[in-house]
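In Swiss-Prot this protein carries:
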- T64, D139, E164, K194, D198: substrate binding site (BINDING)
- 165-167, N199, 228-233, E251, N286, 307-309, N352: NAD(+) binding site (BINDING)
Amino acid sequence: MENDMETATMTQDYHIANINLADWGRKEIEIAETEMPGLMALRKKYKNAKPLKGARIAGCIHMTIQTAVLIETLMLLGAEVRWSSCNIFSTQDHAAAALAQKGIPIFAWKGETEEEYWRCIASTLEGPKGWTPNLLLDDGGDLTAHTLQKHPELCQNIRGVSEETTTGVHRLYRMLKEGSLKFPAINVNDSVTKSKFDNLYGCRESLIDSIKRATDVMIAGKRVVVCGYGDVGKGCAQSLRAYGATVYITEIDPICALQAAMEGYRVVTMDEMADSADIFVTATGNTDIITHEHMLKMKDQAIVCNIGHFDNEIDIASLQDYQWMNIKPQVDQVIFPDGKRLTVLAQGRLVNLGCATGHPSFVMSNSFTNQVLAQIELWQYPEKYPIGVYVLPKHLDEEVARLHLERVGGKLTTLTEKQADYIGVDPEGPFKSEHYRY
């Protein structure tokens, strides 16, 4: 594989694992398109107008089959792109190959080193003939931070960034507060059709998929701790309970904790569950959630995994001096001095993309339709967005939902003029206030 990657780097403007996987990738992309009605609707609506003509987008999102559909949508709307993955394990090599074969600059492969990861990001910021980006599309904030810290000279020409995930949004707000954010940002994560669908329904399916693929373990009857009860944690807890697990929740937020209790989950602390649970899932977007001390208490063959964006929720670094036995890709057993074995999935990185293929295409169509709309907003209406962090307006959020409803057989009721007047809305929407909690 190394020789193939070296050859690719020298002869083409891409860096991937294996170009021979392209045909397989193309077949899966075509299947995914049938499950991504939002993106396909945007292609149809804007194919002639080309609202992204002139846009040069540097992207950093998991290089999956679904992301391939996003990339090709951006290009059909007029954009040029250069792309890397936001996680060293999340790339689907056949997806990367399918795009590279079409001449799209992709810098991603499954199993990158940390050094290679940052080199791939750097490759998206510089292209042939002086190519540099004027828009960013990010997931987790690494591309944004790298641009601000390593390439400040690019910032004056960047109209903005659209950010995909909770962790990246936290970083954006911190940068804004510190004064280090030099261009506007659209917080895609907090669009209702992203956070209440991708984060919840996506994780509800992909967590179980990844644990089963990695371990073949029976979920029914297991005691499982889910750390965090935001939208991601809610989806994880629902799926685990549906499979017959006894689910325990850890939380810092009393509102989320009370929600968990009202759903019938036990709200506990890691300290009290570390020595008795069978499976641990972190879903907080925070650091040091499962510590070395917690793992010392865990029983033999306990399974530890993370579905938050970064790999610092579980203190994997503290285990490096122990013996590691690789079972299969992204599945390791850590053997403690007393002989206890702890099963670690994806080295503490995103388990659903490290050990499986991530969220299903349909729910990613929700998220990525928001991304395309955010890119159009930043490109077409820069005067509306001084430096700051924004969310997409409610009418666009509702439009994303509308584009997906028919695909699942849904039909909307139409308000009469009298009904619309009674509740004070336009018959065509938006139907809720900006502060409404879905």
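Including glycine, each Cβ sits where the backbone N, Cα and C put it.
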Fill in the blank from the handout: For T165 (NAD(+) binding site) and D139 (substrate binding site), the CA-to-CA distance in whole Å is 6
Fill in the blank from the handout: Students should find that the Cβ of E251 (NAD(+) binding site) has, within 10 Å, a number of other Cβ atoms equal to 23
Fill in the blank from the handout: DSSP output for T167 (NAD(+) binding site) maps to helix
Handout entry: Tertiary neighbours of I307 (NAD(+) binding site) (same chain, Cβ under 8 Å, six or more apart)
Key = C203, L207, V232, C236, V281, T282, A283, L350, V351, N352
Handout entry: Rounded inter-Cα distance in Å - E251 (NAD(+) binding site), D198 (substrate binding site)
Key = 21
Exercise for the section: Between any two of T64, D139, E164, K194, D198, the residues recorded as binding substrate, what is the biggest Cα to Cα distance in Å? Expected result: 17
Practice task
Among all chains shown, work out which of the binding-site residues K194, H309 has the most CB atoms within 10 A of its CB.
Solution key: K194
